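Colleague: To start, I am sharing the structure in question, which I have written as structure tokens.
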Amino acid sequence: MRFQAPQLGALGVTFTVMRASQFACLISVIGLCANFINEIATAEHSPPSELVGALTVAVTAIIYVIITYILYYDNMLSMLTTAGLDSLLLVASIVVASLIGKPLSMLNCAALPSSEWSSGLFSSAPSPIRSIITKTVSYISFVLLDQTTCYQIKAVWGLCITICLLFAFSTLACLGLWQRIRRETKNKDIEG
């Protein structure tokens, strides 16, 4: 049994490259956000909603990316529906990127203290870092924790922006593939 991807020309290759790039970016976002949430949870605090939202959208998106590529590979994917779902994930990615990046745009990570200085900061966190009542870590205070955290959260922000672009391009590729498949089907019906 030989496996072969659908032969849909440059748009088919574009769709495959978009899905592979989305997969790589989403895995990176999941890894970074999960690490942040793990560190915060280990210190017995609640993570900021921005990180939980980013992780939720990334996990949902990666499941969608895997399933749609499998269906595409087996020629069972409705491209018009996929374009609509890709555009919904584009909107979700834009929301995540804007929430993650809101306090980061003017932040200079090099001006923050190094990682060695802030070790153990969660255990003795004063009120700016977490709320005394809820033990929830403030997102802005978390970002300002140290240089390493700042650079990593900026990496998450950059990956979220990249994911937005990838979903925009994959939406366009799906619309092009839908048009191509529709035209080929119409031509086969006319010839037959």
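Using N, Cα and C of the backbone, Cβ positions are placed for all residues, glycine too.
All annotation found in TrEMBL is predicted automatically rather than curated by experts.
Quick paste of what TrEMBL says about this protein:
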- 12-37: transmembrane segment (TRANSMEM)
- 52-72: transmembrane segment (TRANSMEM)
- 79-100: transmembrane segment (TRANSMEM)
- 155-178: transmembrane segment (TRANSMEM)
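Where in this structure would I find these features, and how exposed are they?
Modeller: When Cβ-Cβ distances below 8 Å are used as the criterion, the transmembrane segment (12-37) is approached by residues 5-6, 47, 51-52, 54-55, 58-59, 61-62, 65-66, 68-69, 72, 142, 149, 152-153, 155-156, 159-160, 162-163, 166-167, 169-170, 173-174, 177 of the same chain, each at least six residues removed from its ends.
Nonlocal intrachain contacts for the transmembrane segment (52-72), taken as residues 6+ away from its ends with a CB within less than 8 angstroms of a stretch CB, comprise 5-6, 15-16, 19, 22-23, 26-27, 29-30, 33-34, 37, 82, 85, 89, 92-93, 95-96, 99-100, 156, 160, 163.
Sequence-distant contacts of the transmembrane segment (79-100), counting only residues of its own chain at least 6 positions beyond either end whose CB sits under 8 Å from a CB of the stretch, comprise 50, 53-54, 57-58, 60-61, 64, 68, 72, 153, 156-157, 160-161, 163-164, 167-168, 170-171, 174-175, 177-178, 181.
Only residues 6 or more beyond the boundaries of the transmembrane segment (155-178), in the same chain, are considered here, and those with a CB under 8 A from a CB of the stretch are 8, 11-12, 14-15, 18-19, 21-22, 25-26, 28-29, 32-33, 54, 61, 79-80, 82-83, 86-87, 89-90, 93-94, 96-97, 100-101, 104.
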